[in-house]
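Only one structure is covered here, and it is reproduced in the block below.
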């Protein structure tokens, strides 16, 4: 084959491959534009004021298509399928308690995207923001609204590419002191101090402003830890617990449990752990759950499952009875006021 | 393919006969530039995927990516075996290097569209492992082709050019991915498709424009060696070089640990963390060609050692209590990048000089596998030291180890004074083990080629 023919083949290939690449990008762009338009039958969403201290509201990230997609919205907790009021504040992850909101959002830069954690007051105005080192995954506010925590995924370096870890930070809103990385706390396992470089901490849930629970992973296992911000300690209290969520009365933990016999890509089921008896109760939800559940009240869990709009919210009783029910389509990261 | 041969060959006969110590700069052979282009295009493709993968897993698929790291050990082991096998296979007869490299590039290219179909962590992990297998397969034969396509005296620079192009691709990739996602929010499928098309283009450039037989005509008669790995193992030059690569690799802290230490020791803001690899890559890109040329004059093995001194300097900056000046991380990254520029292509160039053309792929694979395995062992050991002693002490231990390894390597790599190599009285110690050694009439052969 002579040089001219080879250049010709290359030219044709560049045109064909370039065409395929362009078509794929345009197709994806068209799909993205479509998501900015509301469809008939979607939940109704209107711009309005969202407050975090009005009682009886459910506040969440709206996933319904249209101009308010990804904004923090609210509905009456008693009428979850009713019309939504959208705030104009866009968040990937959100949580609220005690009139404080934490919003983990994307910041679109010139050459790359970044992320930041924004602390919001009850009217969703920014109090402070903190740059994040990775992709947001979990966010929580303490019941009083005076302490917040978040977890991001960090990928180590771009050469190997597949090495991920988590980084969890806790912020005290009274003093604005930030514990950047809970891995710096002293971790004890079976009553002995434990140090390992593969330690990862994620999924904080607050008991009060100084005490919390979280997941610590090390050596291929996960542990429920009880954390103390004053002592800067993490103490393992139970194994095989991920993304804990403490009940309002502080006696039970709803969590993701890795169950035996489940497939590798769907390993988790929603369980409730009684902290006093250490008894584990499976909920009636039998599907794989990858979310940090929220307690709507003392007896009901709310959690996200993949849906047509990316994510829907479901409920199930915490005592193992009943059956899962869809409570809100096209929503993620709920919080319940007062 | 004759035209390609005649296009790429001139550099070789031109220069092979003249004294390697002459300083005239020959043009970089077309084959090296073509292989550089293939690497550039392929790195754009693979770094596009790497850049969006965490976001894709977390934001699009809603998966937890934590499980990936656990498989790294297995992947590294498989990758090492594949690399050896790739090098060995590629030494079988004419066109073997190109065929094995094409298989490696092809396998990685096939993985890109597969990412569109894989939606669970185990499946995505399997696709990434296959991608890495392709990378392992192609590295040694590609480097063998580079070494065979250029004048032995200018190998350092040729590898430098290749590594610079490769790194440029790695820097462009994330930008392309960003632009695609900017045009189409959430368009990860578009990123994978564009990546797949780019990878296919790389394979095509390789198939069309890299000659099947990159060696100079003088190597035509070199018969395929029956047990290439054993033949490599019998050569003291390559044994010493491998030993040094392993020794130094055992004290080379992995990039991710170095960045983590840098961030913690110098108390860098979280937002800077993702940018640290760019600093290293930038310095690597700028310095790869000049340092490659320096290696050709100054001695490749000597520069390989000096590169590790740059790394030692970076360790020193991170362990010394120097305060929080913004110049420190820049200097540390510059040293880290120059470490790569002075060692990555330079080691390949030095290794190429230590084995004859007939087992070039196997020889390069042995050295690179030894280095990769040693670095992996270092990662594990450093991780344990970090947990037990904290980041500073762990790095001080690594620095002490590196200093000892460098000293031992300096002894091992002293220019040999064996009577056989007296025929080469060149200024650089590398040239003594170029093709001249392969036959007693080495010089005569080279002159024949020049005709």
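Keep in mind that glycine also has a Cβ here, set from the backbone N, Cα and C atoms.
Marked as region 'Disordered' by TrEMBL: B:1-24 (among others).
Positions annotated as domain 'Major facilitator superfamily (MFS) profile' by TrEMBL: B:31-418.
The transmembrane segment feature in TrEMBL is assigned to B:164-184 (among others). With a threshold of 8 Å between CB atoms, the same-chain residues lying at least 6 positions outside the transmembrane segment (B:164-184) that come near it are 33, 36-37, 39-52, 190-191, 194-195, 198, 278, 281-282, 284-285, 288-289.
Per TrEMBL, transmembrane segment is recorded for B:190-210 (among others). For the transmembrane segment (B:190-210), same-chain residues at least 6 beyond its ends with a Cβ under 8 Å from one of its own Cβ atoms are 4, 31, 34-35, 37-39, 41-42, 44-46, 48-49, 52, 56, 98, 101-102, 105-106, 108-109, 112-113, 115-116, 145, 176-177, 180-181, 183-184.
The transmembrane segment feature in TrEMBL is assigned to B:241-260 (among others).
Summarising the annotation, TrEMBL assigns transmembrane segment to B:272-295 (among others). Listed by sequence, the residues of this chain that lie at least six past the ends of the transmembrane segment (B:272-295) yet keep a Cβ under 8 A from its Cβ atoms are 25, 156-161, 163-164, 167-168, 170-171, 255, 259, 262-263, 303-304, 307, 329-330, 333-334, 336-338, 340-342, 344-346, 349-350.
Per TrEMBL, transmembrane segment is recorded for B:302-318 (among others).
Marked as transmembrane segment by TrEMBL: B:338-360 (among others).
Per TrEMBL, transmembrane segment is recorded for B:372-389 (among others).
Panel annotation: around the transmembrane segment (B:395-413), residues 240-241, 243-244, 247-248, 250-253, 261, 265, 301-302, 304-305, 308-309, 311-312, 315-316, 318-319, 378, 382, 385, 389 of the same chain, lying at least six beyond its termini, place a Cβ under 8 Å from a Cβ of the stretch. Positions annotated as transmembrane segment by TrEMBL: B:395-413 (among others).
For B:415-451 (among others), the entry in TrEMBL reads region 'Disordered'.
Taken from TrEMBL, the feature compositional bias 'Basic and acidic residues' applies to B:434-451.
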Other parts of the chain folded back onto the transmembrane segment (B:302-318), taken as Cβ under 8 Å at six or more residues beyond its ends: 156, 244, 248, 252-253, 258, 261-262, 265-266, 291, 294-295, 328, 331-332, 335-336, 338-343, 346-347, 350, 395-396, 398-399, 402-403, 405-406, 409-410, 413, 429
Distant-in-sequence neighbours of the transmembrane segment (B:372-389), which means Cβ under 8 A and at least six residues beyond its ends: 73, 76, 79-80, 83, 245-254, 257, 397-398
Integer average pLDDT (0 to 100) for the domain 'Major facilitator superfamily (MFS) profile' (B:31-418): 87
